[in-house]
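Annotated compositional bias 'Basic and acidic residues' per TrEMBL: 1-16, in sequence order. As annotated by TrEMBL, region 'Disordered' applies to 1-25. Positions annotated as transmembrane segment by TrEMBL: 48-64, 84-103, 115-134, 140-163, 175-195, 207-229, 278-299, 311-331, 343-361, 367-391, 403-424, 436-456. Taken from TrEMBL, the feature domain 'Major facilitator superfamily (MFS) profile' covers 48-461.
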Amino acid sequence: MADNASDKHQDGEKGHVVVGGSTDGEGSHFVHDEVYERRLIRKIDRHLVPIVMLLYLTSFLDRVNIGNARLYGMEEDLNMKGNMYQTAVSVLFVTYLAFEVPSNLVLKKLRPSRYISVITTMWGIIATCTGLVQTYNQLIALRVVLGIFEAGLFPGMAIYLTFFYTRKELAVRIGYLFVASALAGACGGLLAFAIGNMDGIAGRRGWRWILIIEGIPSFILGIATFFLLPDDPESARFLSEDEKTYMHARRLQQQGETLDAQKFHWADVRACLRDWKVWGFAFAQFGADTMLYGFSNYLPTVLQQIGQWSAPVTQVLTIPCYFLGAVTYLLMARLSDHTQRRGIFCTLFGLISILGYAILLSNVSSAAHYAGTFLVAMGLYVLVGIPLAWLPNNLPRYGKRTTATGLQLTIGNASGIMAPFIYATGDKPRYIRGHAVSLAMVGFATLVYTFFWYWFTRQNARRARGEDDHVLTNKTEKEIQELGDEAPTFKYIT
């Protein structure tokens with residue numbers, strides 16, 4: 001190969017080749033090296049995945065550990081009656097929702113390493129201080145502020161991961177976030193079981209120690225994130241120059257991933273707001289997230305009522321539910337990425353969760369009800385998590401993708417305001433209304449995702465037959481690529 005026709009980059013024993021005088025991705029030719037790429041992705045995983053998982057684990061733990069604190073005297077100490085606990089849970093989502101989309105729009109400009117570091121440190125301080133409140137009003141105030149700072153993490157991480165991973169790699173990496181949330185649920189129960197025994201130490205009740213001790217890691221992690229989290233592949237200190245060049249070139253090989261498409265344009269924001277598919281995904285996310293927040297915040301309470309178990313036993317019984325949910329999701333996310341299919345997993349595991357709620361609604365034994373929670377957990381993270389990879393997979397333009405993810409999560413997380421009230425204190429011990437509403441919302445989400453599975457498949461077939469090729473008339477190859485998902489050459493992941 002002539003020197004003026006190629007640049008060759010070596011990494012260890014195995015290299016790769018970017019052919020062409022330019023490495024800007026446009027006007028150059030990319031030669032895929034599968035062995036090199038697998039090694040490179042494993043390297044990125046080693047450096048990014050632990051940080052990303054820890055960030056979301058601490059975030060989710062600080063958001064839902066109020067459910068564990070409830071079992072250790074919080075309501076009694078703060079004189080909480082009626083639906084006051086439900087209000088304390090839901091009020092966080094008012095500010096959480098308001099700040100999700102704006103947070104995503106400024107993520108790139110403020111730099112992920114700095115922005116994520118600041119919000120993590122701040123919510124760590126607030127979460128820790130929640131264990132020191134003396135009145136119900138103070139609890140409400142801190143929950144409101146906690147929502148402001150936690151709002152930027154999950155949507156930010158969902159977009160941040162697209163800086164490093166391609167469409168065929170994203171579901172597993174989004175999956176790691178949900179594995180982290182499942183671990184947070186399991187660890188929360190285990191930690192609450194251990195920390196609850198500190199009741200009375202330094203004159204503080206067990207619920208206070210739960211909130212204080214579980215908030216401190218977020219503060220420490222926030223400071224560490226500033227030094228450990230790269231903004232993008234180009235700023236990653238653990239990548240060599242050759243690896244950065246390869247990452248840049250392979251990114252631009254994805255459908256619609258032109259240099260201009262990776263810049264923020266307000267036109268892409270407007271295109272997102274006009275796209276019915278984005279709104280469909282967002283409202284389906286609301287249905288799935290109703291299950292997520294109802295299950296996460298109320299599993300300890302529901303289990304305690306099912307078997308009339310003590311608080312410590314209840315905490316231990318939550319752990320296998322979360323463990324099963326985490327393992328199921330991780331396996332299905334890997335299979336989803338391997339097959340490049342999303343819809344079939346959403347449909348199948350949505351039905352599994354529906355079966356779980358049907359058992360919880362039935363007049364059967366406590367053991368059967370406990371088994372029902374396992375079925376809910378199996379479908380929970382798949383139905384909530386896979387669509388968060390599915391939608392951005394089908395939106396190659398950055399501005400549209402980041403706005404869509406923000407909307408998807410904002411509308412989805414609005415269920416966090418509703419979910420506490422469908423599990424009203426007066427509905428115990430069976431919580432029929434909560435389970436029935438959750439079942440209906442999961443059914444709605446499953447139907448929507450099944451429809452998108454069908455619609456994307458039909459559109460791909462239509463485009464393969466050339467039925468939309470009239471759009472290509474008088475357009476250059478670059479202009480066609482700039483159309484993003486609207487280009488007749490773009491193939492949707494189904």
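Cβ coordinates are placed from backbone N, Cα and C, and glycine is handled just like the others.
Within the chain carrying the transmembrane segment (48-64), a Cβ under 8 angstroms from the stretch's Cβ atoms is held by residues 92, 116, 120, 123-124, 127, 146, 150, 153-154, 157, 160-161, 164, 173, 176-177, 179-181, 183-185, 187-188, 214-215, 217-218, 221, 225, 228-230, 296-297, all 6 or more beyond its ends. Between the transmembrane segment (115-134) and the transmembrane segment (207-229) there are 3 or more Cβ pairs closer than 8 Å, counting only residues 6 or more apart in sequence, so the two stretches are in contact. Each of 278-299, 343-361, 367-391 was scored by its Cβ pairs under 8 Å to the transmembrane segment (403-424), and the highest score goes to 278-299. Among the recorded stretches 84-103, 175-195, 207-229, 311-331, 367-391, the one sharing the largest number of Cβ pairs closer than 8 Å with the transmembrane segment (278-299) is 367-391. When the stretches 84-103, 140-163, 367-391, 436-456 are ranked by Cβ pairs under 8 Å to the transmembrane segment (343-361), first place goes to 367-391.
Distant neighbours of the transmembrane segment (367-391): 158, 170-171, 174-175, 177-179, 181-182, 277-278, 281, 284-285, 288-289, 291-292, 295, 299, 302-303, 306-307, 317, 320-322, 324-326, 328-329, 332-333, 336, 342-343, 345-346, 349-360, 404-405, 408-409, 442, 445-446, 449, 452, 493; these residues of the same chain sit at least 6 beyond its ends, with a Cβ under 8 Å from one of its Cβ atoms. Under 8 Å from some Cβ of the transmembrane segment (311-331) lie the Cβ atoms of residues 68, 71-72, 172, 175-176, 178-179, 182-183, 185-186, 188-190, 192-193, 196, 299-300, 303-304, 349, 370, 373-374, 376-378, 380-382, 385, all in the same chain and six or more residues away from its ends. In this model, the domain 'Major facilitator superfamily (MFS) profile' (48-461) carries an average pLDDT of 89.
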